[in-house]
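Student: Pulled these from Swiss-Prot:
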- 1-130: domain 'DAGKc' (DOMAIN)
- Thr37, Gly63, Asp64, Gly65, Thr66, Ile67, Asn68, Glu69, Thr92: ATP binding site (BINDING)
- Leu212, Asp215, Leu217: Mg(2+) binding site (BINDING)
- Glu268: active site, proton acceptor (ACT_SITE)
Amino acid sequence: MPHTLLILNGKESGNPEVREAVKNVRDEGLTLHVRITWEHGDAKRYVEEAATLAVSTVIAGGGDGTINEVATALMSLPADKRPCLGILPLGTANDFATGCNIPLQIENALQLAVKGRAVAIDLAQVNGEHYFINMATGGFGTRITTETPDKLKAALGGVSYFIHGLMRLDALKADSCKIHGPDFHWSGDALVIGIGNGKQAGGGQLLCPDALINDGLMQLRLLTAKELLPAVLSTLFNGEKNKNVIDATVPWLDITAPNDITFNLDGEPLSGRHFHIEILPHAIQCRLPPNCPLLG
């Protein structure tokens, strides 16, 4: 069997369930290398090391940010030398893993990441050098995911983002910008911007419910009203029609703004005044369950 490399977020290095799951894989006679990340850049170094270890699968063990870092590192390799991506969800929200129906039980998830079916999936590229596998969010949602206290996330998981958002409703502020893509043009003040390769963000909120990870497209969703709560937020996440929610499905987008705005790319912040975002079809292989709802 080909070798597998698990890149594990340092916060989970002492997790006894992870240790037991790794032991069980090795007891089957499979080769599973483990590397621990402690700072930004470690994942890229370990992905580069994968080539010398004859690794066919690199597993991202952590949350959405860890998955992003590993997927981004894979894109730095030549296409014919890229290992397959596996996912061991260990974060607060685990939005991409949950959206894919990847088991949240550590033993089951690791077995899938090692042995599961490899499927070609899309990645989104931002300004030619940054990537996201799940979603880019801007506006109020970005500020909430960035500012939610770690202790609240640890105690409540994904619902912590929603609770912290309710606490910060007095700080609502829209971002002025222009957005255009194929047959789509919009300008105005956006309170929430969601650009989805995957469907959900912020701990399970279906921000881009029509998105798929293998269709060569991304879903744009804008919330433009300020007189929203709670009705318009309910509309945004429950799929009801509302004049303040704008949808588009496109292969690329250009976003320009008079002032700096910040997007979270799978939780990783990127600020600027111009963003070119495009889908790279079938960019990487990912081990996914047969019932993955993000596949078309």
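Using N, Cα and C of the backbone, Cβ positions are placed for all residues, glycine too.
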Student: Let's check the environment of Thr92 (ATP binding site): how many other CB atoms sit within 10 Å of its CB?
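Tutor: Its Cβ shell of radius 10 Å holds 22 other Cβ atoms.
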Student: Go through Asp64, Asp215, Glu268, our recorded positions, and report the one whose Cβ sees the most other Cβ atoms within 10 Å.
Tutor: Asp64
Student: For the domain 'DAGKc' (1-130), report the average pLDDT of the model, please.
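Tutor: Value for the domain 'DAGKc' (1-130), mean pLDDT as a whole number: 96.
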Student: Of all the recorded positions given, namely Thr37, Asn68, Thr92, Glu268, which is spatially nearest to Leu212 (Mg(2+) binding site) at the Cα level?
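Tutor: Ranked by Cα distance from Leu212 (Mg(2+) binding site), first place goes to Asn68.
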Student: Counting only residues 6+ away in sequence within the same chain, which have a CB under 8 Å from the CB of Thr37 (ATP binding site)?
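Tutor: When sequence neighbours closer than 6 are ignored, Thr37 (ATP binding site) has Ile7, Leu8, Asn9, Gly10, Ala43, Tyr46, Gly62, Thr66, Glu69 within Cβ distance under 8 Å.
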Student: Which one is it: of the recorded positions Asp215, Leu217, Glu268, whose Cα lies the shortest distance from the Cα of Asp64 (ATP binding site)?
Tutor: Glu268
Student: Just the number: how many Å between the Cα atoms of Asp215 (Mg(2+) binding site) and Asn68 (ATP binding site)?
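Tutor: Their Cα atoms are separated by 19 Å.
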Student: Return the member of Asn68, Thr92, Glu268 nearest to Leu217 (Mg(2+) binding site) in space, with distance defined Cα to Cα and candidates limited to these recorded positions.
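Tutor: Ranked by Cα distance from Leu217 (Mg(2+) binding site), first place goes to Asn68.
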Student: Taking the center of the Cβ atoms of Leu212, Asp215, Leu217 at the recorded Mg(2+) site, which other residues in this chain have a Cβ no more than 8 Å from that point?
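Tutor: Those within range, site residues removed, are Asp122, Ala211, Ile213, Asn214, Gly216, Met218, Gln219, Thr249, Ile279, Gly296.
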Student: What is the number of residues in the domain 'DAGKc' (1-130) that are helix, strand and coil, as DSSP sees it?
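Tutor: Going by DSSP assignments, the domain 'DAGKc' (1-130) contains 57 helix, 38 strand, 35 coil.
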Student: Give me the CA-CA distance between the residue listed as 'active site, proton acceptor' and Asn68 (ATP binding site), in Å, as a whole number.
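Tutor: Pair distance, Cα basis, whole Å: 8 Å.
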Student: In sequence order, which same-chain residues at least six apart have a C-beta under 8 angstroms from Asn68 (ATP binding site)?
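Tutor: Same-chain residues close to Asn68 (ATP binding site) (Cβ under 8 Å, separated by 6 or more) are Tyr131, Phe132, Ile133, Asn134, Leu265, Asp266, Gly267, Glu268.
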Student: Using only the residues recorded as binding ATP (Thr37, Gly63, Asp64, Gly65, Thr66, Ile67, Asn68, Glu69, Thr92), report the maximum Cα-Cα distance in Å, whole number please.
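Tutor: Largest Cα to Cα distance for the ATP-binding set is 17 Å.
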